[in-house]
Ligand SMILES: Nc1ncnc2c1ncn2[C@@H]1O[C@H](COP(=O)(O)OP(=O)(O)O)[C@@H](O)[C@H]1O
Ligand SMILES: N[C@@H](CCC(=O)OP(=O)(O)O)C(=O)O
């Protein structure tokens, strides 16, 4: 049985695009573009999240090893992104397909208006049959402003565009039960909502040119699947991998999508870093909020306003043990919330439509 998706995000990792010597693998990129063109011909909308700017830069310039690592990354990415996008543009052009360059930073996902502007841009590209090729803007994203890696970025894009699936291509067949190099390890074919402790068997090690490693892939995949989007982690170095994944013909790891979530909640799900305020709730409120019943956060269940916020800002909701249980959009500021804390029959601080609860 093949998967019937109409909109997919494909993430191509550094290790898929890069040869062992650190230079871009032109043959592989060509093969992937050929498959994407084939998928597009079937009427499936495709958004590409592609790493490879740094690797492409490496093929164009040599830099002294003594130079500052952050500056070198900026230099390589700045030069390399031009080559990367030119490669895609040339290869897609052979199929008369237009692609576009979209470079983003973590900041672009913070503010809802900015987020919606970005979404509108991607939607109009898709409406015009263009394949957006997205990468982090490595030239301005440094240290704490960076995404953990492009897996995190791909997860955000999948949520933003209500995609049905996210396909993450890496250099192993999927998530293994242990070190992929050991014979005793096997591929986990299906992950469902039951919740697996990935950290217990996925090592934090990364492959040569990767940034986040398999741990970020697992965490992001789990989060995205819980928002109702299927996630496939597969080996991008294998022949016909994309068409085979969609035809369900190849062994890989698939995270089963669970409940459907609204666009607003999907945005909130990825907004922890943008939260300004923190609100602590009691056990009763926690139970009601995480139950299957749709409930808003009312002042009666609030114990304290831990840090300040203004109306319309994102707040983190924590339980009595300071564990984060969700994120929401404040209907009013922290001054008013403090006045109402513990009181019955008051206006909700977070309306259910603007409340995302981590499960
Ligand atoms: N349990 C595991 N299953 C699969 N891969 C693992 C596991 N533990 C660690 N890894 C490592 O994660 C690497 C893939 O992540 P990463 O280096 O970030 O790649 P990419 O560039 O594709 O994002 C694999 O090459 C593998 O060495
Ligand atoms: N933006 C960088 C890639 C960063 C990155 O996180 O890569 P990956 O390990 O593939 O998720 C580049 O284009 O070189």
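Cβ from N, Cα, C; glycine included.
Unlike curated records, TrEMBL annotations are generated automatically.
The number of other CB atoms found within 10 A of the CB of residue 11 (ATP binding site), across every protein chain shown, is 29. Mapped onto three states, the DSSP output places residue 11 (ATP binding site) in strand. Marked as ATP binding site by TrEMBL: 11.
What TrEMBL lists as substrate binding site is 51, 138, 150. Note on residue 138 (substrate binding site): other Cβ atoms within 10 Å of its Cβ, all shown chains, come to 22. Residue 138 (substrate binding site) falls within neither a helix nor a strand when secondary structure is assigned with DSSP, and so counts as coil.
Across the residues of the domain 'PUA' (277-350), the predicted structure has a mean pLDDT of 94. According to TrEMBL, the feature domain 'PUA' maps to 277-350.
Spacing of residue 138 (substrate binding site) relative to residue 11 (ATP binding site) is 17 Å (Cα to Cα, whole number).
Between the binding-site residues 51, 150, the minimum number of other C-beta atoms within 10 Å of a residue's C-beta occurs at 150.
Straight-line distance linking the Cα atoms of residue 11 (ATP binding site) and residue 51 (substrate binding site), rounded to a whole number, equals 8 Å. According to its DSSP assignment, residue 150 (substrate binding site) is helical.
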